[in-house]
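Asks: If you look up TrEMBL, you'll see C:MET52, C:ALA201 marked as substrate binding site. Annotation source TrEMBL lists ATP binding site at C:ARG127, C:THR174.
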Amino acid sequence: MTVTTDNFSIEAAAAALADMRATRPLVQNITNFVAMTISANVLLAVGASPAMVHAPDESADFAAISSSLVINIGTLSESWVDGMRRAILQMNEDGKPWVLDPVGCGATPYRTAVAAEFARLSPAIIRGNGSEIMSLAGASGAGGKGADSTARSEDAVEAAKALARETGAVVAITGATDFVTDGTIVVAIEGGDALMPLSTALGCALSATVAAFAAVRAPFEAAVSALAVYAAAGAVAATDLKGPGHLPAALCDALYAIDGATLAANASIRVEAA
Amino acid sequence: MTVTTDNFSIEAAAAALADMRATRPLVQNITNFVAMTISANVLLAVGASPAMVHAPDESADFAAISSSLVINIGTLSESWVDGMRRAILQMNEDGKPWVLDPVGCGATPYRTAVAAEFARLSPAIIRGNGSEIMSLAGASGAGGKGADSTARSEDAVEAAKALARETGAVVAITGATDFVTDGTIVVAIEGGDALMPLSTALGCALSATVAAFAAVRAPFEAAVSALAVYAAAGAVAATDLKGPGHLPAALCDALYAIDGATLAANASIRVEAA
Amino acid sequence: MTVTTDNFSIEAAAAALADMRATRPLVQNITNFVAMTISANVLLAVGASPAMVHAPDESADFAAISSSLVINIGTLSESWVDGMRRAILQMNEDGKPWVLDPVGCGATPYRTAVAAEFARLSPAIIRGNGSEIMSLAGASGAGGKGADSTARSEDAVEAAKALARETGAVVAITGATDFVTDGTIVVAIEGGDALMPLSTALGCALSATVAAFAAVRAPFEAAVSALAVYAAAGAVAATDLKGPGHLPAALCDALYAIDGATLAANASIRVEAA
């Protein structure tokens, strides 16, 4: 596919959403313990079919029947990394897309090493916050504060471009403004709400959503579409909330109900550089 | 106990609920990572006492003090299977009931093999969706789509009867209509809501609820009673919801509040074949 | 610090809360699978920065950048205990506080042995229910019923004092009334709601909250402040609820919004013995 700026619009995102729902892709999640329930619920609400299958004894067999895969290293350990590696290799062998979420990259040497190894294994898309992307790109020593970002998303755009060129992956940085790049074109997505970082693992569940869209679109369009849908749903969900407590449930309701009009009213997509 | 059709009625289910709440059974859960929190909350809400204890170092010791046990293979791995096996053997040695939830049976060879091994270890009750039950019964090559069912519950009734006869377990298939059989009698339960499959692990939490009832009733009555209570609570919970987001919380509230009248108004039990 | 009865008041708790929020401490959680999501959400809502990092390959490296640590043995297993031990030793080496939550201590020999080993490794604070504290103190054979307490908190005060003197830790017993002691002074905290034990892992999330406060206050003040804030938020959260279902979300909203006036109106602190 030739990527042009025509690929990125609210209309294109709405069409990708419709196709994804019609396909109901089976998305394999090898993700962290905190993110599992909300990831599954987000995927079900938006219209995909989630499965959590991580064991080395079966992760590749399951990858063989999955439409796409998300690898999230939030609570990694040795046997999980083994299971992740096997699933990744199967997806690559079958030519199916997988998404890398390098949670906390930069926080410990182990985590950084695993993230870097996986980044070299041809993920279709890498999604992280500013600190994680900068760390993974080797662009900074951004120490990281757990899964929270200490860098703004805009500060990581150059690192993201470098990381995209180095790995061949589309790179998405999420924050107050989201950015997606293939190393050349940069697309910005606006939406969401300031409450979102105060509810755990919503970024992880977004990575899972990106994987769902990657089952029906090329990586760049998939990432932009998923981020726009999520940004709009987050904005809708946060309306009338008094705090972050009910946000996960409200987000699922918003994802379940979202349509083209709601998407257009609550998110925007613009091509920043080409 | 001689099973007759007199055992199955809303009144019998309400009496089982009252007895379960009065007993507040300690239910050991060795379940998947996605289902743990909702299973614990469902058990607390309906009136049981949940515990999650899986390690091989202690699972049998804990089984020795538990009233019943649920084994759910949703996110199985080698050491977890070891812990499950030890807990099962202890329950069997002590003559206490345990429930098997063969999540995703049929999706990978590993998963199918573990489910089949456990089915031979005398579970009191096996609960799954249509695809899982058909796969476990060897009745079909139903490949399965993660934890979602690709078969309707009614399509799996004959497989369930065969599985019940083969294993000696009572087999429950849940779906739009639920069915429970001992291989001879088939009981159907109506209730619930179409939103329920869109909130993750509610089937897993139902298996835990079945285990709670198995602490105070023989397997067939326990399964029918638990399914009826859950079906009624699900119907109540889904009232006025705009999507699946708040369903887990609403379900817990409905289980906490449910009484005989609400049960009668929101679920039905009928004996289909004897 | 010399502990005097002047250290314990609603005003002191409100000041500790403000300092904690201003600091936004990075709290490392090695906790059980059921408690992870709610612990992270509670920490985010109250104003701390949570991270879940347990693997032996990185738990000590992460402890080196954390402000405080909570160790919760709810779903322990061999490799997790290894990761816990390494994180504890790093915190001790760095002179930073960590909190022990001995979930289910007394229920199995393995669990009791691990809890007793950790209690000897100089936790700043130990928080548990009555049964757990009594079991850990060796004060009783309180068998325990999963994570539920079979003893009232007031029955465990003498055991808590003995445990505090033996370990050097501040010991907190939570229940209808909460008690905190260093072995000499006993402080009682009132608040909360009877629904709280019916929502899973709220005690575990409280232990994580205690760890957040331990990053900005000495152990005794940290424990009393955290318990008072949580008791007030719990009382606020339970207002108008029809059951336990929405309690976790409502609790997060209440923690997010809590201020000195709400704290004063919904919790009380009194020094019982000095």
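Here the Cβ of each residue, glycine as well, is placed from N, Cα and C on the backbone.
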Asks: Per DSSP, to which secondary structure element type does C:ALA201 (substrate binding site) belong, with helix, strand and coil as the options?
Replies: coil
Asks: Distance check, please: Cα of C:MET52 (substrate binding site) against Cα of C:ARG127 (ATP binding site), rounded to an integer number of angstrom.
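Replies: About 19 Å separates the two Cα atoms.
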Asks: Would you kindly give the Cα-Cα distance separating C:THR174 (ATP binding site) and C:ALA201 (substrate binding site), rounded to the nearest Å?
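Replies: Here the two Cα atoms are 13 Å apart.
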Asks: Less than 8 Å, Cβ to Cβ, versus chain A; work out which of the binding-site residues C:ARG127, C:THR174, C:ALA201 satisfy that and list them by sequence.
Replies: none
Asks: So which of the binding-site residues C:MET52, C:ARG127, C:ALA201 end up next to chain B, with Cβ to Cβ under 8 Å?
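Replies: Cβ contacts with B, in sequence order: C:ALA201.
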Asks: Please list, in sequence order, the residues in the chain of C:THR174 (ATP binding site) that are at least six apart in sequence and whose C-beta is under 8 Å away from its C-beta.
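Replies: Listed in sequence order, they are C:ARG127, C:GLY128, C:ASN129, C:SER153, C:GLY203, C:LEU206, C:LEU227.
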Asks: Tell me, how many other CB atoms lie within 10 A of the CB of C:ARG127 (ATP binding site), whichever protein chain they belong to?
Replies: 32
Asks: Count the other Cβ atoms sitting within 10 Å of the Cβ of C:ALA201 (substrate binding site), across every protein chain shown.
Replies: 29
